[in-house]
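Enquirer: The following block contains the structure, expressed as structure tokens.
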Amino acid sequence: MAASPARELTQNPLQKIWEPYNNGLPAKHSAQRGVCMTNCPTLIVMVGLPARGKTYISKKLTRYLNWIGVPTKEFNVGQYRRDLVKTYKSFEFFLPDNEEGLKIRKQCALAALNDVQQYLSEENGHVAVFDATNTTRERRETIFRFGEENGYKTFFVESVCVDPEVIAANIVQVKLGSPDYVDCSNDEATEDFMKRIECYKNTYEMLDETLDKDLSYIKIMDVGRSYLVNRVMDHIQSRIVYYLMNIHVTPRSIYLCRHGESELNLKGRIGGDTGLSLRGKEFAKSLAQFINEQNIKDLKVWTSQMKRTIQTAEALGVPYEQWKVLNEIDAGVCEEMTYEEIQENYPLEFALRDQDKYRYRYPKGESYEDLVQRLEPVIMELERQENVLVICHQAVMRCLLAYFLDKTAEQLPYLKCPLHSVLKLTPVAYAGCSNTYRGRQTEQLPTTLLLTYTDMIRADVSQDDWEFFLLLGEFPKAAAKIVKRG
Amino acid sequence: MAASPARELTQNPLQKIWEPYNNGLPAKHSAQRGVCMTNCPTLIVMVGLPARGKTYISKKLTRYLNWIGVPTKEFNVGQYRRDLVKTYKSFEFFLPDNEEGLKIRKQCALAALNDVQQYLSEENGHVAVFDATNTTRERRETIFRFGEENGYKTFFVESVCVDPEVIAANIVQVKLGSPDYVDCSNDEATEDFMKRIECYKNTYEMLDETLDKDLSYIKIMDVGRSYLVNRVMDHIQSRIVYYLMNIHVTPRSIYLCRHGESELNLKGRIGGDTGLSLRGKEFAKSLAQFINEQNIKDLKVWTSQMKRTIQTAEALGVPYEQWKVLNEIDAGVCEEMTYEEIQENYPLEFALRDQDKYRYRYPKGESYEDLVQRLEPVIMELERQENVLVICHQAVMRCLLAYFLDKTAEQLPYLKCPLHSVLKLTPVAYGCKVESIFLNIEAVNTHRDKPENVDISRPPEEALVTVPAHQ
């Protein structure tokens with residue numbers, strides 16, 4: 001293969017990526033992503049009895065993959081069943097000898113697979129998560145063949161749990177509020193659901209080290225006490241395994257806030273590395289008091305390596321860890337400018353940024369897209385940890401928040417993260433409200449309960465995304481409204 | 001707990017880290033590392049029959065952990081045995097009823113544990129890798145108790161393999177050349193070693209899902225086909241598991257080179273984002289020819305997102321992937337300056353850099369230490385991949401090379417990575433074979449050695465004495 005004449009390179013004005021340029025048009029070039037995540041689409045297949053956390057894992061994994069930039073969608077077969085069979089009567093629907101039930105359930109599975117195919121083969125999806133019990137080898141073979149026929153790599157995720165306490169807790173957390181049991185008492189629902197689980201048990205064939213030795217899978221045992229991992233085939237499967245091995249279900253809260261108001265904030269200048277203004281220092285003291293009163297067990301405190309976050313943390317009087325990757329987005333040549341100065345000196349850049357704020361990279365700087373990539377280890381460690389307070393910056397906080405609240409790339413750069421506000425994120429399975437979403441009855445499974453506390457010191461509030469109360473009187477006696485995020 | 005008055009912050013001049021400042025002295029502050037890797041020391045205990053890759057894994061893991069900044073040391077009990085029993089006679093030393101042999105072997109294990117304790121408790125080591133067969137539950141309990149008594153977290157790494165081909169290949173690669181068999185023929189050595197393995201088999205008690213359910217461990221089966229992971233306790237164990245699950249032993253080569261000579265290189269200026277000089281373009285064509293002639297199977301090509309590496313890759317005529325994390329070290333305020341200009345405008349910075357080039361961070365820029373952290377995903381993906389060509393930059397290449405060649409933080413920033421040379425790295429036995437191929441296109445030298453005088457009050461000529469020639 002002779003060396004072809006080198007093509008001309010031009011730098012794409014939005015992302016500042018150098019691309020080859022053929023006859024006046026950008027030529028197709030390789031992925032500029034760190035690594036080509038998916039060469040062919042991946043089909044993740046959940047496996048496990050009811051109430052083993054399959055949907056919890058599906059949703060969380062989908063959220064993570066989308067956040068790191070891998071288009072992912074989950075397909076919950078139970079939802080297809082609810083759409084088809086409008087009213088759920090009882091566990092008898094799931095009896096292994098209920099011909100009608102079996103027929104409908106198979107129909108739903110096939111409808112879901114059909115949508116999977118649409119998503120992966122026609123809508124540029126990279127990963128589909130097929131969320132159903134898939135407890136028989138026969139069903140899994142059907143799905144595997146489907147994957148092969150369509151050129152997908154199949155990866156199984158099995159959740160095995162025998163601890164009756166865990167299962168009981170799952171039922172309370174997610175099943176009692178399910179649309180299936182909307183007219184039942186808790187006791188009736190629990191009783192019916194336990195019988196539903198029994199329907200599956202007799203035909204359950206776990207993934208087997210010998211019989212399934214050629215499949216790619218991870219078997220999660222006892223909510224993550226141990227894992228069996230078999231034949232990881234590629235990068236995305238390796239990342240999925242790493243993620244699944246780091247998440248946990250221990251109750252905890254994550255607190256996110258920005259540094260206190262800085263000198264440059266006051267001047268309307270972006271970036272830089274200045275210290276706190278007087279009001280910023282006041283905020284730091286208020287934050288200390290707030291954290292104190294929250295009485296948080298074993299709180300870890302993380303800051304960036306910029307002076308303003310560290311100054312804020314100093315006021316807490318507790319140890320903190322500095323992470324360089326939590327530094328604010330690098331505005332490159334625009335560092336320390338006001339928006340007016342950017343408009344005056346770089347009007348094209350300013351316009352490009354407004355056109356696609358997520359992908360826009362400052363000259364000699366970064367984009368939100370770059371930020372997400374550099375924050376991934378923070379998210380991974382947040383998943384491992386329990387109670388953490390992250391004192392960071394506006395763009396950084398938007399990225400982290402987008403992960404927890406499942407916001408899209410388009411929404412992310414516009415998330416409201418005002419100064420002097422603390423967001424307390426508590427993962428919950430279920431917030432106890434009704435479950436109608438867009439007219440469809442869904443098994444609502446919000447993943448984050450969000451409480452917002454805002455300091456009266458700087459009331460920078462105009463909210464579309466969420467509501468919160470301004471604190472009346474002394475901070476931090478919060479009368480914050482709980483907002484359910486779905 | 002009342003909020004204490006905020007301490008003053010001062011920015012450490014070398015690393016540009018903001019630290020609290022008490023009475024004129026920097027106060028102790030939390031780790032500035034991404035995450036406190038190790039709260040208490042970790043003892044990694046290898047488990048497995050001979051020729052199962054324990055030492056291979058030990059050495060590789062140690063190298064990785066040291067590179068990411070976790071002080072780690074391996075302790076090979078076989079080496080202790082060789083030091084004690086000067087000459088190895090035969091497999092009979094390892095017979096389970098050889099009283100003398102058992103006594104010596106236990107003595108060696110205890111001597112090694114003693115050194116582990118010294119390293120972890122007195123020498124600021126964070127991780128110790130205890131490399132021995134550890135095939136009985138009794139031995140493992142002894143070690144676990146030792147760990148508990150000393151406040152170490154113990155993590156077992158077991159390698160289980162029954163494939164006779166893999167075992168035979170291991171024997172050929174690492175055992176035939178062992179000091180134990182220096183006077184034997186290959187056949188004699190193989191025969192003896194097979195009998196040595198037999199000595200262990202009868203007493204081998206694998207880590208068991210039930211009996212050992214409270215231990216933290218990873219069981220690696222069939223060279224990574226599958227893994228059983230139990231009770232990962234903390235961050236460092238999670239990273240170790242991730243690393244072990246990504247490495248493989250399939251033969252392959254990694255090619256590292258810099259972009260072709262750039263316009264700024266010619267002028268002796270650092271950083272920036274310029275294109276290739278004429279000679280740089282020549283190099284790109286030579287590189288294409290070289291790669292062609294190497295006839296590499298399924299070669300992946302990676303570049304940074306800077307024009308000069310992409311221009312270089314373009315000449316190859318094959319698909320390539322751009323990684324932003326492969327971008328050259330950010331020299332902050334010194335970007336596009338010559339060393340002379342840095343000396344003139346920032347003499348203090350220039351001196352600090354010479355004092356500790358690894359940890360030195362440019363104002364509004366990066367340090368080598370920062371580079372290593374941002375390159376970690378590249379290393380992880382390189383471990384997963386097979387044949388790869390990485391077209392990068394001087395500082396970046398030094399970091400990657402230091403990982404493969406197990407160089408220290410002190411050596412790393414001075415590794416020689418000249419323009420227009422390709423390094424071919426091929427893993428072999430416990431290390432890495434390096435071949436350096438200069439593609440015969442002249443280029444400027446960009447390597448600046450550490451000058452003798454690194455004092456901040458040094459005269460400019462002494463600061464600039466090692467600056468290479470440029471336009």
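Yeah, the Cβs are placed from backbone N, Cα and C, and that goes for glycine too.
Remember, TrEMBL labels are computer predictions, not curated facts.
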Enquirer: In TrEMBL, the residues A:Arg258, A:His259, A:Gly260, A:Glu261, A:Ser262, A:Glu263, A:Leu264, A:Asn265 are said to bind substrate. Which of A:Arg196, A:Arg308, A:Arg353, A:Arg359 is said to bind at that same site?
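Expert: My reading of TrEMBL gives A:Arg308 as the candidate in that site.
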Enquirer: What is the interatomic distance between the Cα atoms of A:Gly260 (substrate binding site) and A:Glu328 (active site, proton donor/acceptor), given in whole Å?
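Expert: The Cα atom of A:Gly260 (substrate binding site) is 14 Å away from the Cα atom of A:Glu328 (active site, proton donor/acceptor).
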Enquirer: To the nearest Å, how far is the Cα of A:His259 (active site, tele-phosphohistidine intermediate) from the Cα of A:Arg308 (substrate binding site)?
Expert: 6
Enquirer: Give me the mean pLDDT over the domain '6-phosphofructo-2-kinase' (A:37-251), rounded to a whole number.
Expert: 94
Enquirer: Would you mind reading off the Cα separation of A:Arg258 (substrate binding site) from A:Glu328 (active site, proton donor/acceptor), to the nearest angstrom?
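Expert: With the alpha carbons as reference points, the distance is 10 Å.
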Enquirer: Count the Cβ atoms, other than its own, that fall within 10 Å of the Cβ of A:Leu264 (substrate binding site), considering every protein chain shown.
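Expert: Step by step: centre on the Cβ of A:Leu264 (substrate binding site), count other Cβ atoms within 10 Å, giving 19.
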Enquirer: Among A:Arg258, A:His259, A:Gly260, A:Glu261, A:Ser262, A:Glu263, A:Leu264, A:Asn265, A:Arg308, listed as contacts of substrate, what is the widest Cα spread in Å, to the nearest whole number?
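Expert: Maximum Cα-Cα distance: 14 Å.
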Enquirer: Hey, does DSSP put A:Leu264 (substrate binding site) in a helix, a strand, or just coil?
Expert: helix
Enquirer: Taking the Cβ of A:Gly260 (substrate binding site) as centre, how many other Cβ atoms lie within 10 Å?
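Expert: Excluding its own Cβ, the number within 10 Å is 30.
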Enquirer: Return only the integer: C-alpha distance in Å from A:Arg308 (substrate binding site) to A:Glu328 (active site, proton donor/acceptor).
Expert: 11
